[in-house]
C-alpha cells in the first residue's frame with residue numbers, strides 16, 4: 001500500500017519529481033524481463049517440464065536461469081539495492097542446482113545486498129508516506145471548500161468586481177483545479193492498493209496526467225500574474241487595467257496550455273511508456289519544469305522589488321509613524337505577499353533531486369496544500385472591502401426584513417390581497433426620496 005502512496009506522492013511533486021521508476025515498478029519490470037529470459041533459455045537449452053535439472057525462476061528478488069544438476073549459478077545483487085545503498089559494496093549471491101532442486105541462496109540477500117536495511121526503511125516509510133498523504137488530503141479539501149466560498153462571495157457582490165479581484169478569482173480557480181486534479185489522479189490511478197499502475201498505459205490515464213500537469217502549471221503562472229500585477233501597480237501611476245488583464249489571462253491560462261501540449265506531444269512520440277506519471281527523460285521533463293522554475297524565480301525578483309518599493313514608501317515623511325510601526329507594517333506586508341506569490345517554492349526550486357526528499361514532501365505537499373486556504377482567508381475573508389460589503393448587505397437585508405414585517409402588521413389588508421410587502425416598501429421609499437429631492441430647492445431658497 002505504501003508503494004502505491006509513494007508513487008502518488010512522487011507524481012504530485014512537480015518540481016522535484018525524480019526521473020526514475022519507483023522500486024515496486026522496478027521489481028515488476030524485472031520480473032517480466034526474467035520470465036522472457038527464462039523462456040528463451042529453455043528454448044536454447046531444450047528444457048521442458050520433464051527435463052532433469054532446475055528450471056528457471058523468479059524468487060521475487062532476482063532472476064535465476066535454468067541450470068543442470070551440479071551446476072552453480074551466480075547472480076549479482078539487484079540494481080534496486082544499489083539505488084537505496086549507493087555507498088555499499090554489492091556482493092554476489094549463488095544457488096546450487098541439486099537433484100532436489102535449487103538450494104537456498106548463499107550468502108543470504110541480507111548479507112550480500114543489505115536487504116534487511118531496505119525492509120526496515122520500507123517499514124518506516126509506510127507510516128511516513130501515509131501520513132503525508134493524509135496531510136495533503138486534508139489540506140486540499142480545506143482549501144477547496146474555502147476557495148469555493150470565496151469565489152461565491154466575489155462573484156455575488158458586484159461592487160467587488162474589479163481587475164484586482166478578477167485576478168484573485170482566477171488564482172482561486174487555479175487552486176481549485178489543482179486540488180480537484182489531485183483528487184481525480186489519486187482516485188483513478190492509485191485507488192487500487194497494488195502495483196497495477198506500473199503497467200497502466202491507457203488514453204484516459206494519460207489524459208488525467210496531462211490535466212493534472214496543466215492545473216499545476218496554471219497555478220504557478222497565476223501566482224506569477226499576482227506578483228506581476230502588484231509590481232506594475234506600484235511602478236506605473238496610470239495604466240489600462242482592462243487591457244493588462246487581457247494579457248494576464250493569456251499568460252495565466254495560455255502559457256500552461258502551450259507548455260503541457262508540447263510536453264504531451266513529445267512524450268507521445270519519444271517516451272510513451274506507462275501512464276506518464278514518472279519521467280525517465282529529464283530533457284522532456286524540463287519542457288514543463290523550465291517555465292515553472294522560471295516563473296518562480298521571476299516572482300521572487302518581483303517580490304524583492306516590491307519590498308524595496310514598500311520600504312521607500314513607508315520611510316517617506318508623508319507616511320508618518322515611528323520606526324517600530326514602519327517595520328511592523330513592512331513585516332505584515334511581507335508575510336501577506338509570501339503565500340500570494342508562492343515564495344516558499346524557491347526553497348527547493350534548485351536543490352538536487354535526491355536531497356531532502358522527506359522535508360520536500362512535507363513542505364511542498366503538506367504545507368503547500370493549505371496555500372489555497374491561506375490565500376482565500378487573507379485576500380477574501382479578511383479583506384476590509386469584502387467585509388464592508390458583506391456588512392452592508394447584511395444591514396440592508398435586516399432593514400428590509402424589519403420594514404416588511406412592520407408593513408405587514410400595519411396594513412394587513414394589503415398583505416392579504418397578495419401584494420408583496422417588499423414591493424410596497426420599495427415604492428414608498430422611492431416616493432419619499434422623490435419628495436425629499438423635490439423639497440430640497442425650496443429649503444435652500446428659504447435659507
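Every residue gets a Cβ built from N, Cα and C, even glycine.
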Have a look at 362-382, 383-403, 404-424 and point to the one annotated transmembrane segment in TrEMBL.
362-382
Which range is it, out of 200-219, 220-239, that shows up in TrEMBL as transmembrane segment?
220-239
Other parts of the chain folded back onto the transmembrane segment (246-266), taken as Cβ under 8 Å at six or more residues beyond its ends:
167, 170, 174, 206, 210, 213-214, 217-218, 221-222, 224-225, 228-229, 276, 284-285, 287-288, 291
The transmembrane segment (220-239) and the transmembrane segment (362-382): do they have three or more Cβ pairs under 8 Å, with pairs 6 or more apart in sequence?
no
Within the domain 'G-protein coupled receptors family 2 profile 1' (33-117), residues counted as helix, strand or coil by DSSP:
27 helix, 21 strand, 37 coil
Positions whose Cβ lies under 8 angstroms from the transmembrane segment (220-239), at least six residues beyond its ends:
14, 163-164, 167-168, 170-171, 174, 248, 251-253, 255-256, 291-292, 295-296, 298-299, 302-303, 305-306, 309, 337, 340-342, 345
